[in-house]
């Protein structure tokens, strides 16, 4: 030990709470939402409520499409077990081991129960990326060199390329295609907002349907990893099982919401177009364009002179 800390680490490792990319995306969309809230008082009448609902709902859909690409809880699993802590050591600790699988990699969490055991703080959260451009094997090798706890290395080894489980390639390709479809959904979301700002509301509804379709396609792409048999992750006497996490179910909810909104807009276009234009604040402008002048004032001097 060097000042009570293992020499591999200059300071004690702490578990990460949020991903930096996720925070940046959320902050950007919050700035857009706050900027719109500042101009709400300038919108008069019932249109203020309509604008607020449309803008905030649209921003929520957009931030979800982008944020879930950086989250690590498409699949999650937790188990509490009494397991060995370090290699070549008989010391055992009681800890909670968590597995969080995202589109770009896997996070393995080790949290002591209690956190302070064997004169050490047991609270780790290690990320092992497998996205294109990242080297999973190198991250795993760096974990070995740093001397990470045995449960983290054991779980991470299950997703390596040399593992007999052979799930590394499936997760990597499924995450890549799911991410690509989400970026397409983000593009169609932008196009739908552009169409809604123009008097072509029905096409905006169609683009919302396309957005929801690509979101569902991304979920189907990620769920293909379920077709491959998953090796048992045995930690002590307990088995770590994974299930779909919050990001997966959030994507399902937002995708279905886009379908419902798109179908509603298309149906209102054919059944009640005036109500749809009123909600999008287009009916009043159209009425003013064709409104006739109720009263005309004529200068008699000009009329007589012309005659």
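From the backbone N, Cα and C atoms, a Cβ is placed for every residue, glycine too.
According to TrEMBL, the feature transmembrane segment maps to 20-39, 51-70, 177-196, 203-222, 242-267.
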Quiz item: Would you call the transmembrane segment (242-267) and the transmembrane segment (51-70) in contact, using three or more Cβ pairs under 8 Å, pairs 6 or more apart in sequence?
Solution: yes
Quiz item: Near the transmembrane segment (20-39), which residues from the same chain, at least 6 beyond its ends, have a CB less than 8 A from one of its CBs?
Solution: 55-56, 59, 62-63, 66-67, 70-71
